[in-house]
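Peer 1: Below is a structure I'd like to ask you about.
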Amino acid sequence: MDLDALNAAFALPDVLHFVEGPGGLTLIEIDNGLARATLTTHGAQVLSYRPAGARDELLFVGERAYFAPDQEIKGGVPICWPWFGRDPDDPARVIHGFARLRTWSVLACETRPDGAIWVRFGLADDETTRALWPHYFNLWVEVTVGATLSVVLTTRNAGDEPFAITQGLHAYFQIGDPAQVSILGLNGCRYLDKAADAPPDAVGVQSGALGLDAEVNRIYESVPPQLVIEDTALERRIRIDSTHSRTCVVWNPWIAGAQALPDLDDADYQRFVCVETVNAASEIITIQPQGEARIGADYRIEPL
Ligand SMILES: O=P(O)(O)OC[C@H]1O[C@@H](O)[C@H](O)[C@@H](O)[C@@H]1O
């Protein structure tokens, strides 16, 4: 659908409209009194969210992020599906799956009784996806923009064979200063250490809060449903309430990692941390024919 058709079908006067963004991508701009947010149909990705009364934006999108139909956008809340990380069947394939590279359909934009805006995106298999991953599926992303931001990804197996997925909500959170960030809730959780200098198959157990003073790339297991990013520089706490996920990836590439990534500025490691609600590593989700699986996260900003 072009912009005029999208606006005719789904715009909500004074609250939600569709505009053309960088690289010709379609953006959905929302301002409903409870919050301001920007979403895109490219990957069904949330790009920005700031609740009323909050001084700072929740999410990070890099100045050098790609905005192009065939590339992933580094920032916001990318949807990683049907594999998280490297495809176990072919490590040469795109990291984090193809869902974030596709243009999703807009299925609904509605105002909820509490004033929050609910947007539903859909994606289904086609010849291109089946060439990459030979399964029949329906996917939905539901984004609710209100006093909190919620993202729920639902997978339906539309075929007649079971299939297995890993997946994630790869949220990039804006931070004020890595030295003033603590991630709470992971104490006692075992993690797989994927940092560049870690030996292969390295594991550890988190002790206390997780600070940021070097590259962090960890897959935490048996994680509780609520995690907190405390950020004294931005004088705020971000609460992450996850559903249907016991695995969390925490990633900050640090200096060398940022320098190595063309879509990050060298100093961007000081500007974000990813705390990702995922099903990955040993948490593999098998979905029976006509069955469904969900993963979701609710993000809330609180003043410190
Ligand atoms: O694909 P993106 O958005 O650049 O993210 C890549 C990063 O995603 C993280 O989830 C992984 O733990 C990192 O290993 C990886 O480098």
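Residue numbers in this text run from 1 along the chain shown.
Every residue, even glycine, has its Cβ placed from backbone N, Cα and C.
Unlike curated entries, TrEMBL annotations are predicted automatically.
Relevant sequence annotations retrieved from TrEMBL are reproduced here:
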| type | residues | note |
| --- | --- | --- |
| ACT_SITE | H170 | active site |
| ACT_SITE | E276 | active site |
Peer 1: Check H170 (active site) against DSSP and tell me helix, strand or coil, would you?
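Peer 2: Going by the DSSP assignment, H170 (active site) belongs to neither helix nor strand, so it counts as coil.
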Peer 1: Taking the Cβ of H170 (active site) as the centre, how many other Cβ atoms fall within a 10 Å radius?
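Peer 2: Here the count is 24.
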Peer 1: Just how many other Cβ atoms lie inside 10 Å of the Cβ on E276 (active site)?
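Peer 2: Here the count is 26.
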Peer 1: What's the CA-CA gap between E276 (active site) and H170 (active site) in angstrom, rounded?
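Peer 2: H170 (active site) has its Cα 5 Å from the Cα of E276 (active site).
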